[in-house]
Amino acid sequence: QVNFVVCQLFALLAAVWFRTYLHSSKTSPFIRHVVATLLGLYLALFCFGWYALHFVIQSGISYYIMIIIGVENMHKYCFVFALGYLTVCQITRVYIFDYGQYSADFSGPMMIITQKITSLAFEIHDGMFRKNEDLTPSQRCLAVRRMPSLLEYLSYNCNFMGILAGPLCSYKDYITFIEGRSYQLQQSEANGKEDTKYEQTDPSPNIAVAQKLLICGLSLLFHMTITKTLPVEYNIDDNFRATASWPVRFFYLYMSLMAARPKYYFAWTLADAINNAAGFGFRGYDKNGVTRWDLISNLRIQQIEFSTSFKMFLDNWNIQTALWLKRVCYERATFSPTIQTFILSAIWHGVYPGYYLTFLTGVLMTLAARAIRNNIRHYFVESPAVKLCYDIVTWMATQAAISYTVVPFVLLSVKPSFTFYSSCYFCLHIASILVLLVFPLKRTQKGSKKHENVQPGWSRKLEEESLLQKNSYSTTNNSFSQKQEITCRYQALKQ
């Protein structure tokens, strides 16, 4: 863990240097790719020793598969190999090293690399094999139209900005950043030919980086002072279960799981700050003309802590992983997309039984929450006073459901997880099943509207927000905004 923090702080300094001295206006994309890759591999070697070779082996074999298999089926082979290689490494770590050592192990970066390998394989398949009219809008926007070189591939997978903690980014966004086209606007004629180039001022990420580092400091302080005083394991303490009342137990459950989140806030926000410091992550301008540096942000803390639905929590927690699950599994699943997505998430996270208990419980919670929301929410939204009461009740219910669901994720093993659930008499499992028996789930239509109807709110909201925010620039210059909207669509088709 110390190595991880030290390497990330070094990466932050390297990011500042990278943006200052290797800016796209001063050097070629080739040099930027080489330096980003070598720095990433150096950090991996320093942090994980020779286990870092797994990163190169996984990426290298996946690239070889892409080349020899061809664009028609390579996404399937890359998916199976990358996820299988990750699973083998996770099994090895769990059963060879000390069971329960939940620390910064070498399989952590491999989880991010696995996301990148599989995402890019599907994007290349979409861009080079499938017909344009068969793609969804998001698939069309992310589709890659040419095979990346080995250097581009390694740079995308192993660059120093994201090798240790991510977050996942699309290949097109990363290449656009490396080549210095993040701030370049282009206008296209109706015939698709490029007409004029508009250079946009390169905005400074300093304020965004400083704000995120402040959040990192507060999260680390909270983790070091509060988290250890509220251990999740105390929820299954025999004396506590025997003496504490139900309200006290649920209050402690909520507090202990809330106290467990700041370490994720720290790691993900620091990773986001590193990318921003290098100049990566600029989304555009909001309606007030303020720069947005949240293109690859992984969480929104305020929305997480004040979630009033299971969907809202998933909207804002581990955002890039949620988008990955949606793009490679949910919108491509032929049956039970929700169940398949949760199972894939469990496999990707690792081989601890607690992960599977959490995600299988999550399936029940998600379906039950969706049924309740679809059937009763509309009765409570017309009156502001009634809606406020509804929001308070749903906030309490959501926090209880989230805490109840993720306890096995923290405890890891089967026995303590079942000890906790049995001490609660499996109350929320039973309640979810009863909800699904009482409230009907809306049937999805077949055909072209299939994914539109079954797509979960969290993924649909994020996708819509992403498309809107990428085209949301200062309204003080309407012609400038129109040119940029044309450019976004044109670049998506061109690339």
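FYI, residue positions are counted from 1 along the chain as it appears here.
Note that Cβ sites are derived from N, Cα and C of the backbone, with glycine treated the same way.
Cross-referencing 244-265, 420-441 with TrEMBL places the feature transmembrane segment at 420-441. Remote same-chain partners of the transmembrane segment (420-441), defined as residues 6 or more beyond its termini with a Cβ less than 8 Å from a stretch Cβ, comprise 235-236, 241, 361, 364-365, 367-368, 370-372, 374-376, 400-401, 404-405, 407-408, 411.
Away from its own ends, the transmembrane segment (354-372) comes close to residues 309-311, 314, 338-339, 342-343, 345-346, 398, 401, 404-414, 417, 428-429, 431-433, 435-436, 439-441, 456 of its chain (Cβ-Cβ under 8 Å, at least six residues beyond either end). For the transmembrane segment (392-414), the list of distant contacts is 99-100, 102, 232-233, 235-236, 250, 253-254, 256-258, 260, 306-310, 312-313, 349, 352-355, 357-358, 361-362, 365, 369, 420-421, 424, 428: same-chain residues at least six beyond its ends, Cβ to Cβ under 8 Å.
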